[in-house]
Each structure stands twice: as C-alpha cells, then as structure tokens.
Amino acid sequence: MSEIFYNIVRRVRRDTMREIEVEGDNRYKIYIDTNLDKLYKAFEDYKIKSNSEMFLITDDKVYSIYKDRIEMLKNIYNIKEFYFKNGEENKTLETLQEIYSFLMENNAKRNSIIIALGGGVVGDLVGFVASTYMRGVRYINIPTTLLSQIDSCVGGKVGYNYKGIKNLIGSFYNPEFVFISTNFLKTLDFQRFKDGLGEVIKYGLILDEEIISFIEENYKGVLEKESDKLLYITRTCLILKKQVIEMDYKDLGFRNILNFGHTIGHAIEMTSKNKITHGEAVALGMLVSLKLSEHIYGLDKNLYYRMEKLYKKLGLPTKYKVDNYNLFMYAINHDKKNKDNIRFVLLKDVEKPEVKIEVNKEEILKAIEESIN
C-alpha cells in the first residue's frame, strides 16, 4: 500500500466535514448529518424544485416506519411512491420489473428523478433501474441502514441477484447525491445494526486500525447508538471508501481490498439461504481470512483473538457450522469452476492487505476448521 494513500486518508479523516465530494466522471456529494431536515438543503444545492417530477422507491418495512415523513415530502414536492417487499430474497429481476412497470404507468421521463430510500437492497435495485430506464435517469440515494450508509451507498455498484448468485447482473452508476442521516439508525433493529458493524471492522483491518480501537473503547456507546459515535463511524468509513474508489472506480485492482472477508462471506450467505446476514457473513469470512493470513504470512495470532473478543462484545457471530463442504466450496467457486485455487484478500498485518492471493481447497478447509467451524 502507498504511504501517500494513508497520509491522505488520515488527513481527511481528522477533518470534521459533513459533506464529502466523490471525484470521478460524475462527481457527486455525500451529505452526512443527524438531522433529516437537512435533505431540503441538498435539494436546494442540486436545484431540485417543488415541481420537479420525482419517484420515491422503498421497501414495505421502511415505508411503514417513515410513512409520515414521506407524506411530508409529498406535501412539498411532486413525488409518487412505490414500495416492494423487504429482504435480500427480493433483490430479483421480478422486483425490477415491478419498478419498471410503476415508472412506465406513471409516465416517468428522462428528466424525472428517482429516490432510493432504504438499505442496500433498495439502493442496489433502484440504482440499477436508474442506470437502465430510458438509458439512464438521475437518482438520489438515501440509505437507512448502517451497512448501506458506510459502504454500499458509495462506489457506483448497482445490480440484482440472479439464480441465487449475489449481484451477478449489474453495472456502475453514480447518484446525483447521497444523503445520510444517522437518525435513521435509531429505528434500525439490533440485528440490522450489528450487520453493519462487521463491515466497519473490515475497514479497520484493511485501512485504519484506529476504527477498531475506537469501537473497542466505545462499544457501549456504539451499541446504544450515541449520535457522536455514529457520526464518527459513518464519516470515517465513507472517507476511507471514497479514497479507494477514486483510485480504482471499476474495481480492476486496488479496490479489491474491500472484498476482505467476502469470499467466504458470500458462500456463508448462499449456503445459509440468507439466514446469516451479509454483515455477519463477512464478519465470519474475515475470521477465516485472518486464519489463512496466519498460515500464509505468519500474521500475529493475537489479532484473531482480539477480533473474536470484539465480535462477542458487539453480538457478531464467531461460529458457523459447515455441514456440506462440497456445496460450500461450490458456493465459493461458482464462477471459477475450472480453477483449482480461489483468490482471497489476506493481511500481512493490520492495514497491510494483499489482493488476489491464490489459496487451494485444502488450505481453505484447514482455515475453516481452525476458525469458525
């Protein structure tokens, strides 16, 4: 890793900014605040007027919680809403078709604006719709879960699951802007909240150990969703990811570090039939990757025990029983059937990730047995 990169990250992270600008072909802002009403400022910044035609798309769970807020927006702006059934199992072509039909029936045009209000599933689906409807319309992303606020809302990856394979169909498409209010997290159930903490720890392991130290020292305040703790975590993770994607937007090399824990994590999600959530699965995947890093790079074993201890404090799982290794290996290797080795992101040390490290089946099974199984 470049020392210049880390100097930039630390310099920016210590800033107290509430607006982050993501550079690239289509520059956009991320607004971060506790106050939901700051959304109106973002609308003003982007010259969105009360008569601008907008279509708000969410899921039934978010809609039931924020129905009154949505009605308030509708009283000010020209907004029509649509919601679909909550859950990863609905991140499908069928749901996309429902959204396309809604837009067509309401005569959405090229100059219409689509608003995604919800977690990662909503953001991914709506982003894909925006990228394809009439060859591309503007959209605004308003993430409501910790996982979507710190990770999936930035980076341009949009898409849907196909035949059980996560994000098999997708594209890169940036929003007009992202609006984040940590107040959304106050209504998030504990399961979904801790789901995001797995990804927070990932950023700490691959990029900035200070995040891990912060959570270790403040875990009670984090779990109680204290506003200053949530702002620190959200802003820090977003600035770290911003730096990564600006260096490798199309995920051709360096950005691959963000997949730490995901190789095993995706297999856990698939074989558990989504009973293990994404953040939990990534957390488990990181434990396996730490064990592999011990075997391959001689990574200090104390880091594994440190993470295991932190997981338990945060309510994250440390075990997952793999009953069918053949099925599990197929889930890992579904798109690389003709290769014997699987590529991993591993750690030489904290903040020192290595990408595209090939690991054979025997090494993977050994690491699983010594860690999560």
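Every residue gets a Cβ built from N, Cα and C, even glycine.
Just so it is clear, the model here is predicted, and its values are computed rather than measured.
Features reported for this protein in Swiss-Prot:
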type	residues	note
BINDING	Gly120, Val121, Val122, Gly123, Asp124, Thr144, Thr145, Lys157, Lys166, Phe184, Leu185, Lys186, Thr187	NAD(+) binding site
BINDING	Glu199, His262, His278	Zn(2+) binding site
All-chain count of other Cβ atoms within 10 Å of Thr145 (NAD(+) binding site): 26
Sorted by sequence, non-Glu199, His262, His278 residues with Cβ within 8 Å of centre, Zn(2+): Leu147, Asp151, Gly198, Lys202, Gly261, Gly265, Gly279, Ala281, Val282, Gly285
Candidates Val122, Leu185: member of the binding-site residues with the richest Cβ shell (10 Å): Val122
Candidate nearest His262 (Zn(2+) binding site) in space, where candidates are the binding-site residues Gly120, Val122, Asp124, Thr145, Lys166 and distance is Cα-Cα: Lys166
Surrounding CB atoms that lie within 10 Å of the CB of His262 (Zn(2+) binding site), all protein chains: 22
Distance from Glu199 (Zn(2+) binding site) back to Lys166 (NAD(+) binding site), taken between C-alpha atoms, in Å: 17
Those residues of the chain, 6+ apart, with a Cβ under 8 Å from that of Gly120 (NAD(+) binding site): Pro143, Thr145, Leu147, Ser148, Asp151, Ser152, His278
Asp124 (NAD(+) binding site): tally of other CB atoms within 10 A of its CB: 25
